[in-house]
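One structure below.
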Amino acid sequence: MVNKPSNQPGPHVPSDTGKDNDAQGVRKRDVIRDIFGFSRSKTKEVDATATNQAVSAQTPPQVVGPLTASSASDVHPVADQAVISTPPVDKSLPAPVETKRTSNIFLENLPAPMMKTELPAVQYRIEVTQQLAYCCALIRQGSSPPQVTAAELEEQAPDPAIILQKTPNLNKKELDWLAEMDKNLPAKERISWLGTRMVDEFAKDVLKDSTEIAEIVLLGPVLDKETYRSLLSCTITAFEQSTLLNVDLLQGVVQLVQVAPPDSLVSDDLVKILRVLRICLQDTHQQSSVHPFHLTLALSRLLDVMAEHKVKDLNRVEDHEPLSGILSGLKGSSDPYLMYQACYAFQALQYVPDDESALQSVLRHGTGIVNGLIQVSGVFKLDLGAVLEGLSNLQEALGGIIGVDNDVYKGVNSVMESGRGVLDGLKEGLSEGKKRPWYAAIRVAQALLQTGQLKDLNQLIYEAPCRGDPLFQWGICQILGEIASDVMWDSNVHQQAVDLLGDLYKNDSQWGKDESVQSWMLHIIGQLSTVSDQAVNTIAIALLKDLHQDQSTTIRLPYPLRNRLPLPPSSPLLNGVLAIPDIEYDLHKLRLQRLEEYRKGVYIPPQAKPSLKSPDDTLFSLMEKALEFLGSQRQVFLVLGDSGAGKSTFNLELEHTLWKDYKKYGPIPIYINLPTIDDPTHDLIEKQLQYLNFSENQIHEMKLHRQFMLICDGYDESQLKTNIHTTNQFNQPGQWQVKVVISCRTQYLGQDYRSRFQPQPVDSYQRVATDLFQEAAVAAFSTAQIQQYVNDYVKELPTVDPIHNKPTWTAEEYMDKLVNIPNLIDLVSNPFLLTLALDALPSVVASKTDLSAIRITRVQLYDSFVRRWLEVNRERLEASPLSSEERLELDMLIEDNFLYHGIHYQKDLATAIFIDHAGNPVVKYTHLRDKNTWKAAFFNPNGQAKLLRESSTVKRSGAFFRFLHRSLLEYFYSRTIYDPLDYGEEAVDGLDEREPGPDLMTCLSQLNIITEPSIVQFLAERVPQNPSFRQQLLDAVEESKVNATTEAVKIAAMTAITILVKAGVTFHGADLRGVKIPGADLSGGQFDYAQFQGADLTGVNLSRSWLREADLSGAKTDGVQFGELPYLELGDTVRACAYSPDGRMLAVGVGISKIGVGIYDTSSWTKTYSITAPNLVETMTFSPDSTRVAFGGNDGLVRLWDYASGQEMVVMEGHMFNVKFVAFSPCGQQIASAGDDRTVRLWDSHTGESLFVLKGHTDQVWIIKYFPSGGRLVSGGCDNAIRFWNSEDGAPGIVFHSSLGAVCTLAFSTDGRWIASGHVGGGLQLWHAESGEPGPILHGHTGQVMGIAFSPDSRWIASSSRDETVRLWDASTGTPINTLTSHKSFVNDVVFSPNGHQIASGGTDNRVRLWDVESILMSSVEQQDQIGYVRRTVYSPNGQTILAFGNNYTIDSQAVQQWDSLTGAPVPLPIKVPKYPSVVSVLYLLDDVPTAVVSQEGTLRLWELQDGRRETTLEGSEPAKNVTMSPCCRWIVSVDWDNTVTLWDLASTHQKHVLIEHGGPTREEIRSLAFSATGHQLAVGAWNGNIWLFDPQSKGLITSKSVYRGVNAISLSPDSQRFVVGTYEGSIYLWGVQSEERAIELRGHTKMVNCIAYSPCGEWIASGSEDKTVRVWRRRAPPGDTENWSCVSTVHGYFGVVSDIAWSPIVPAEFVTGCEDESVRVWRVSIDGEDVVVKLFWGTNLGVLHTAGLVLKDTIGLNPMQKKLLVQSGAIDDSLTEGDEQDDYTGSEGDDDYTSSEGDESEDYTGSEGDESDDEEPSKA
């Protein structure tokens, strides 16, 4: 089918230009005329563009070959003879009677139509005959000589014989397919063999139905000569032997003749067919006109072919005259359609036999003598100018040129002029044995149509000299009708044909003067109004209405408007040849079965995001993404989600959708529940198809020739660890061709999980095909989705609740409970938990009125759901018609407590599945085979087992049994360890009388549940609910100290402490000496000051654990995991890092005071070599063979050193300023350098010769990188440009311009597909390396990106920044994986090791940090409380809770959260804070009401975060940057952005009191506010050092001070007599409110003090700083004496600015801190003799390994690397040797990593202001 080009206007859209655009510089027609010796035409022009449009590929099948009403070749060579003619005479055309009118309906010449289908891959089976025909046609065309191009045609005049052999152009897809076929000759030969075998099958078939005829005719033009002649022979014989006229067979015979391959037809074939047709016509013409019409039409087309083939063997007596007589005899017919066909056939007969065809005659008269013969069909476009000239000359010179009698012609003209009807003209034409010009014009029209010259056809219709002839008009109308109904053309062409018919009818005064022509046109339009093409149908109906014709009364044509057989609807011949098993029928049955089995229930289309770490603003429809995947080239689509997220439901919905849309021979959707398959790692599809009852032959056939869409559900439930795509060899040659959608629970996988799913390479030398893999993580339900789910759920409920015998709740009632029960709406954000909640809520809420007091956890939902489930099913069983035996068994169960037995049945089954069935959740049970196994106790079809199973949450599918959901299996197993029934949490009659079950130690030890995180989570949720259970777990840990002789005790202790840690239980100061907990997961645990002496910690996971001041003396630590590596201490700023390509060395460039390059052995991390540089080293790189090192610096030189000899080899001079970056080419022959002088330079790496200087950047060039494949470079710089260069000749290439600012760094993915750029503002940008299209932007860094690197497998991106972090990203999605925060300053570079196992980063903190990638991925866990940068923390007045708010600038969000101050457990807030408006502060009102201060609509408002929320507006307020409240909860004060300080009395918020307006007289920046403990004083601090003290009651100023330092924090003493301020340079000052004495200055912080607070007792001050520490200061003198303060403790371990501090109003010496690292930590200060100890009480979001002060004396099993890591982090190891202390590892972080006690701070002192010089910088403590 031919597609209309995209720029071609439709038939109803006027052209933009208003005129034809067909003038070309060199007219194609003139070139063609030159080739054949024709004279050039003078004025006619050809649209070269339009006639060379490419054929667009189409999905729907289309007709093969140039099958038109004309023959396959309109002009053939004449026998060798001289054709003499006089030169053409320049004559003007006769003037028309009236001005010509032309309507341009067909706007363009198109390529000749060609049927196309989807090309099958080489190894795939051909499904339908259309595919086979297309493939054969391509193979024939591909074996022809290459086609001459338009450019060649314009530039030269090649030999005509060569041009005429050219085949149509093939597109890239077709050429690629042919190339693949050429590589696989057996497949190519098989295609030819299939055609031959189909002909054999057709010959054997006696019936030859219409489908088989249409099928075999498609192959006619693409068969070899011998096969074609065999087909033609058997088809002629079949027609000849048919008793009744078979119209399809008749048209098949003629169509085969028309499309005959070159040199395949002989005259005898045509004569034989002619004689058969003549006999049939002779026998039938006296009957109805239907059969004669078809025979005459076939005869016309046959004679056209005979004329073109110059048939000489037609016997005039036996053939010519009888046929002429028969045709002449038809003039008596009253059927004008039959008469026209007879007249046409009569005209065609005049050219048989003859020396030239009608078309040749026209061309000869248009151009003169033709040397050689012209063959135009299918390969050569007609020159319309020559044609029109020939028709004109033909009409002028009728007498002697083609033997047309002038008198006859005049007679015909007289007929037209007299207005006689066309019937008379037809009769007259049939009476004269002369040639008519209208026939020649129709042959021209057919030739134009055959070659796609529609625009030329349009012009011919309007400009043909014989266009007034009714017979010409009749023929043209028939051609247009056939175009409009021909499937070969696209819908646009169809519509244009109808439009042209309508235009001729309505607007052409010369057209249709004869009524029969008008009638003929109406009949055609009427038939087109019934075709399947909706567009054509609509236009035709509209046209009939426009012509005032009633469609229902329009006479229908008795003959179809078609010039070829329709496409076959199926392929019986092909299927027979292939001997295909009856697959489609069985697939049809399977489709109906699966559609019938599908029970949709309540289904909400899930949303998903690109990966687990993607932000929520990247959501998309999971179904749309899955369908998009199935239509792509990718092979595996992984669907991740939490337990209950709806993965299985989605999989079934996807299968249902695919089966609904299934088309015959299309990809087959198969849903596979992986746990039901025995060993799914091999023969997965075979096993599933066998289960679906397909035969071995069918399975073999499908494996070879069909595609599958596998939907694999439950990867985690089948407990797989391998890549089933790889083990099943999917998509490998000769194997199953599949696309896999596979689902897995998030909890089952580690972070580095993709290797289990990504398609693997065919051989070990290829990289993983990451482009073939895609993933999506199911997102939590939004509130709108929950609402929709509830609405649908309620519709399914009965009107009365069967349990409570009350009306069921409405959707509004359910939503009220979900929204108003704290934290519930978040808990039920996945479908399964939502279902549980909706089912359980009526029971949970029964008789409770205060919804805000209800606390519901996930495990409580399961408890309520199970109880309700069993109650409903007990009642169902009671009402069921049971047998007497079953009724007796049920009565006994009910009497003994049905609930108890129902729960224990499921607990026992869960235990058996984990213990006896290896955790596989699907159990297959057939009674005869399994009645003597453990399974019979649960699945016996009789007795109590049957009743309990039918009432349980176990479902059955055939012989397979499983819990309704995997999480129920895990829930019931967790109840074997902790059952609420055993702890009295659920009231059950008679429980006290039962024998106790297994003790907790036994239950804890029977299975290692560390690998089952969902079970651990269920149990962890029980811990806060039941102190007794918590104590029993602690007892189990304690038991291991004294009774560890058996493995069971160790497993029990290991399981118990793992549950406790996951429950958030802290072990600060805990006595864990001697515990035996090998293999425990303590990651993220808090063990401040914990005692582990002598403990067995073998294999324990301590990643991200808080181990400050813990004691591991004598502990066994073999295999312990810390998740980090030690760092290298360089002693100076690290400028750059580079691994050698072989991975054996790491080069580190340092420079400020120590300048040079250090090279380290990566196996021992010892320095092996040093290169001293004369100037600062900015960059270095290894050669590809790892033998040389090149580096550059601020002297503008590039130096090359030989690593082995230690000699400098070459110094390259050329850059004027700093060299920013150097790079070796992949081949090692070049070095590229980038510099501040705006140039890139290329050097010969052996000689140092300057090869090229690349200019183009307009600012400093900071980075240069080679493409991984070599040959090209890419550079970036301060001009925001990324430029490409050719490294072989220095030529510039394309340029990218970034919107993110200066380009600081670049990196290529290893496969060369992506470029990542890092920018000055902190953004990262991905780019398509080839196209330059921008990809995702990665947001996260808040400072300049200094380094960027791809992992060797291109899966991860590492970046470093001036924000002091290293970040790891998912390269495929751009989502953040982890943020590494151990650096203390700018991170200047980051690199991956060549094996991808490590990351090295270097920074201004003088360190190279080494990171284990696997540990980074494993430690990338969701934080407990997603609060962001903590801005404010505050205790409630009663001290029981803590409120905090924070901002996450990466995802532009804010959060307010509350915790229990004693336990650290989250205390849900009934009211959630939305993203907008912005929160300014948080506080507690009277009665401990948590409140957020928000800025909304230009005013400040107080939002109470509890049920019945009140909102108070502070009248007259402006948006503020700081708000605080007095401890008495009466006063509230704000500072707006204009530095106006305003006070409100909450008793009367409509009045405001401005204390300082616009920053006071000097317009100062107000930074700090603080009330006194009583609220009677308010202190205000300004950035310039001024301090004001106000009386809130009187609003008057009490006093003012100045510290001559920027005041950033302030606090008043409890007695209101002193205040303390923190300043921008880190000093702290204390003043007396009324005293004029000098201030006391406290030094210690090295950066700005952000927060400071007096303790309620006045003995302590706590301060937090940008130096990431908290300092605790103690007053040494009693009140009344001269105050003497000193720092008694410095608390480290923060990974961001400490932003806020607040003391508990109740608990002495307890304070809370908020930090930029998103942590909230509660500390307690204690005094131990002379020592002051600050211990962590609890904390959130710690998430980092912290080992300051960790004691490692005599620890057993730590390897040297682990020891170095711990000691660097501040651990104390008495076993260190002197040599260890001197290497680059042992630079302990010192004060940066542990708490120093009183007296450790040598520079903390008491002094008055001015004692120290203002210019003196405090040194680091």
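Glycine is no exception: its Cβ is also placed from the backbone N, Cα and C atoms.
Those TrEMBL annotations? Automatic predictions, nothing curated.
TrEMBL lists 1-31, 1773-1821 with the feature region 'Disordered'. Feature annotation from TrEMBL assigns compositional bias 'Basic and acidic residues' to 17-31. What TrEMBL records for 185-530 is domain 'Arm-like repeat'. What TrEMBL lists as domain 'NACHT' is 636-795. Among the features that TrEMBL reports, repeat 'WD' is placed at 1177-1211, 1212-1253, 1254-1286, 1338-1379, 1380-1415, 1607-1641, 1642-1673, 1691-1726. TrEMBL lists 1775-1821 with the feature compositional bias 'Acidic residues'.
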Average model confidence [pLDDT] within the repeat 'WD' (1691-1726): 92
Contacting positions for the repeat 'WD' (1642-1673) when only residues 6+ beyond its ends and CB under 8 Å are counted: 1384, 1573, 1608-1615, 1620-1630, 1679, 1685-1692, 1694-1705, 1708-1709, 1711, 1713, 1715, 1723, 1725, 1732, 1734, 1801, 1803-1806, 1812, 1818, 1820-1821
Residues of the repeat 'WD' (1380-1415) by DSSP state, where helix covers H, G and I: 3 helix, 19 strand, 14 coil
Residues of the repeat 'WD' (1338-1379) by DSSP state, where helix covers H, G and I: 0 helix, 22 strand, 20 coil
Three-state composition of the repeat 'WD' (1642-1673), taking helix and strand from DSSP: 0 helix, 17 strand, 15 coil
Number of helical, extended and coil residues in the repeat 'WD' (1177-1211), per DSSP: 0 helix, 23 strand, 12 coil
